[in-house]
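K.L.:
Got a structure for you, written out below as C-alpha cells; questions coming shortly.
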C-alpha cells in the first residue's frame, strides 16, 4: 500500500488530439454560421419586393436586422451541424473493440502454449497508442527473466561454494572471446529450485569445512527464516512448498538438500529434520518456537525471525539485501565483511540474485523488553506499519554476518532478439530493477540492451568516498554529501554526453544509476538535469530501485518529455509503474495476477511485445488515423456544398438537401466502408512489419495525424465541394427533363448528393493499401443503398409540404444529363487527389511505400487484416491446444462435475473441426446417465 497510486483513467494521445480537432470544427461551424448570420442581416431589404419581406415572420423582418441575424444563426447551426462527426466516436470505438477482441486476443503469434495463455487486451481505448510508444520501462525479474529461481552458489564464512557457470557468465565469456567449459556431475538429478554443484556441502561434508559452525547457522537460517507453507507428505520427495516468492521457495529447497528439511509448520512452531548435525548419519527432528516474524516489504528490504531453540537459546535470524544488512552488522569481523562484499560483487557480475544472511543471539531480558514494545506497536490502531518498522530497528542491529546466497534466474526465450528489434524500431528501453548494480549491468549485456560499443555512464553510491561518510554514521552529512555527489556526477556525465552527441560518428550512450543516487537525482532541483541526460541515452538501467521510484521515473519521462511511454512488469511491485505509463502491459507469470489486473494489455512472454507493438500497434495507429481523417474530410466536404448554396439563397437558411439525405449520410451511405478500412487495411503484412522494424518510427513521429495531414485533407475537401457544387449547378442551368422543363431545386440537390456519395466512397478506395472483397462489398453496397433508398423514397407519396423528392430520381435518370454528370463530376473532383497521391508516392514516399515497392512482386498469402496463422511458430499440438481453449463451454448441471462439462468440449471441438481425444471421465459420465422414456403427449 505504501507504493500504491491512484488508479488513473487513460485516454490515447490520438484521442486527445481528436478532441482538439472537434473543437476546431466547432470553431469553423461558428464562423460559418456567423458569416451567414451577418450576410442575412445585410441581405434583408425591402428593395427585393418580389421576395415579399414583411413583418409577419421575425426571421424575414427588414425592420429588425439584428433579430433576423440571430434567428438565422440558429437556423444555420442546424443546417451545418453535419460538420461535427458525432458518429466518428461510435465508429472508432467499434473498430477498436473489434481490433482488441478479434485480432489481438486471438493472435496465435502471441499465444504461449506452455502456460496455455493467449494475449489479452483489457481495454480498447489504447490500441493506437501501441503504435506510438517511444519509451519502454521494464522490470527485470519475471519480465526479462523467467522468474524460475534456482539456488546456484553461496558464500559462507568467507568461503565460496558452488562450481556452476551461470548463463550470464557464459555470455560474458562469449563477448570477450574466451572459452568456458561447463562441468556437471554425470546423471545428477536436479530438483526444481536447486541447481547447486559442490560436494563440499552435500551429504554432511560441510562438517569437514574450516567453518562448520557458520555452515550450520547458514542452513538453519535458510530453514527457519521464511513464511513458506509445506503441503503434502512430510517426505523430501513428495513435499511441496507454497511461498510468497520463488526466491523463498528456492532457499527452503536448498536447506532441504543440505540436510535441514523443513517439513511442518504451526502458528508458533517450525519443525526441521536436521541431518549430520551432531554426528554423520544422525537424523533428528528439531522443533523451533517462532516468537516473532518481522516481515519483508519493499521499504525494509529484509525479513527477520525471532526463534527459541529447544535448549532455550534465543536467536534472531535475518536475511535481506546487502545494503540494509551491512548497515546493521556489528563492528567486528571486518575481514569477513570485505570478503563477503567481494563475493557479492562476483555473484552480481555473474548475473545472480543475492541475499545476505545474518544472526544475533539475544538475552532473555533484552528480548522481553523489546517484545513489550513490539506488542504495543502491533496492537496500535494508527500508523501500525510505521511503528512496527521502528520497533524492528531496535532489535535488527549488531548482527553477525553468516554469508550470502546467489540465485540464478535465466532470461526468457527471445528477449535479446526482441530488444534488438525494438531498438531498431526507434524505441528506447529502460530497465528498472531491485537487483545489484553488477547484476543489472550483466543482465543488460545478456539481453543486448547494452554492448561494448556504447559509452556507459555509471552513477553509483558504492564508492569509497560515500562508504567513508556512511561509516561515520551521520545521516545529515551523508544526505548532503550524496546530493552534492549526484549533482556533480550528473553534470559531468551530461557535459561528456553532449560532446559525444556533437560528433556525427559518436557511440550510443547508456546510463546506469542505482536507487540511492536516483533518490537524490529525482529531487526537483536535479530532475531536469537527469531527464536531459536520460533522454540522450539509448538505454538506461536503474538498479536497487523501489516500486515507487519506478513509477516516479516513468512519470518523469511521461510528463517531462511528453513522450509516449509503456511499462511492463509481472508482479505487484510493478503495479505503480504500469499505472504511471501511457500504456501498461502485464505479464502473467509466476508472481500472481496483480500486474495483469492493473494493466491495459496482458501477454505471457516479453518477446510478444514485438507482435503487440510492431504489428498490432502499428496497424491500429495507421487504421485509426485513416478513419479519423477520412471522417473529417467527408463531413467537411458534404457540409461545404450546403455552405456554398447559402450564398445563392441570400443567407436565408434554405436547405440544399432533403432532411433524410442529411440524416442518413453518416448512418448508411458512408458508414460501412470506413469501418472496413479501420479493420482490414494493411500497408505491409506482419512478417514485413517485423522484418523492417524501422517502419514503426512513423508512429513515433505521428506521421499520419500531423496537423499538416489534417490541413491537406481540409484543402481537398474544400476543392471537391466547390467542384461538386458548381459543376452540378452550372451544368443544370441549361438542362431540361424529358418534358422540356428546367430542373428544379430538388432535382439539382439529388444530383449533387448522388455525386457526393459516389465521390466520397471512391475516395476511400484510393486511400486503401489493400482492397479485399470486404472493401468491394462495403463501397458498392453503400452506393447501392443510396440508389435503393432514393428509388423507394421518390416513389412514396408524402404530404404536400414534404413531397420535395417525389418522382425526382425517375425524372433525372430519364435524361442523358444524369449519366454524364455522374461520370464526369466525381472524376473531376478526384483528379487532384489522384495527382497528389501519385506525386507523393513517386517523389516523397512514406517508409511503408518503399517496402511495398521492394516486395510488390511477392504474393501475400496471408488473410488481409485477420490473423496470419501460417506465419506463426506453433506446432500442430500447440495450435490445437489454442483452438481448444477458444471453444465455448457450458456449466455442467447435475453431473457431479464442479467446472466445465467434458462432453461439451468434445462436441464443440467436433463442430469446429478440431480433434479432441475422448476423456475417460466423459465416457464414464455418459455410461452412467439413464435415458428417460418418452411420454406421448395427450391431444
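Just so it is clear, glycine is given a Cβ too, placed from its N, Cα and C backbone atoms.
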K.L.:
Which is it, of 748-765, 856-873, 874-891, 892-909, that TrEMBL names as transmembrane segment?
P.N.:
748-765
K.L.:
Please find, within the list 64-90, 91-117, the residue stretch that TrEMBL describes as transmembrane segment.
P.N.:
64-90
K.L.:
Checking feature assignment: transmembrane segment per TrEMBL, candidates 600-623, 816-839. Which range matches?
P.N.:
816-839
K.L.:
Looking at 577-596, 777-796, I want to know which stretch TrEMBL calls transmembrane segment.
P.N.:
777-796
K.L.:
TrEMBL tags one of 665-684, 685-704 as transmembrane segment - which one?
P.N.:
665-684
K.L.:
If contact means at least 3 Cβ pairs within less than 8 Å, sequence distance 6 or more, would you call the transmembrane segment (816-839) and the transmembrane segment (748-765) in contact?
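P.N.:
When sequence-distant Cβ pairs are counted, the transmembrane segment (748-765) touches the transmembrane segment (816-839), since at least 3 lie under 8 Å.
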K.L.:
So what's the mean pLDDT when you look at the domain 'P-type ATPase C-terminal' (596-845)?
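P.N.:
Averaged over the domain 'P-type ATPase C-terminal' (596-845), per-residue pLDDT gives 90.
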K.L.:
Which sequence-distant residues neighbour the transmembrane segment (64-90)? Criterion: at least 6 residues beyond either end, Cβ under 8 Å.
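P.N.:
The answer is 18, 22, 25-26, 28-29, 32-34, 36-38, 40-42, 44, 58, 627-628, 631-632, 635-636, 638-639, 642-643, 646, 651-653, 655, 662, 665-667, 671.
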K.L.:
Check each residue in the chain of residue 139 (active site, 4-aspartylphosphate intermediate) that is at least six apart in sequence and keep those whose C-beta is under 8 Å from its C-beta; list them in sequence order.
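P.N.:
Counting only residues 6 or more apart in sequence, the Cβ neighbours of residue 139 (active site, 4-aspartylphosphate intermediate) under 8 Å are 431, 432, 433, 550, 568, 569, 570, 571, 573, 574, 577.
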K.L.:
Return yes if the transmembrane segment (705-728) and the transmembrane segment (748-765) have at least 3 CB pairs under 8 Å (sequence gap of 6 or more), otherwise no.
P.N.:
yes
K.L.:
Ranking 21-44, 627-645, 777-796 by Cβ pairs under 8 Å to the transmembrane segment (665-684), which is first?
P.N.:
777-796
K.L.:
Cβ under 8 Å to the transmembrane segment (21-44), counting only same-chain residues 6 or more beyond its ends: which ones?
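P.N.:
Contacts with the transmembrane segment (21-44): 53, 60-62, 65-66, 68-70, 72-73, 76-77, 80-81, 83-85, 628, 632, 636, 643, 646-647, 650-653, 710.
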K.L.:
So how many other Cβ atoms are close to residue 141 (Mg(2+) binding site), meaning within 10 Å of its Cβ?
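P.N.:
A count of 26.
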K.L.:
Validating a neighbour-count step here. Other CB atoms within 10 A of the CB of residue 570 (Mg(2+) binding site): how many?
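P.N.:
Residue 570 (Mg(2+) binding site) is surrounded by 30 other Cβ atoms within 10 Å.
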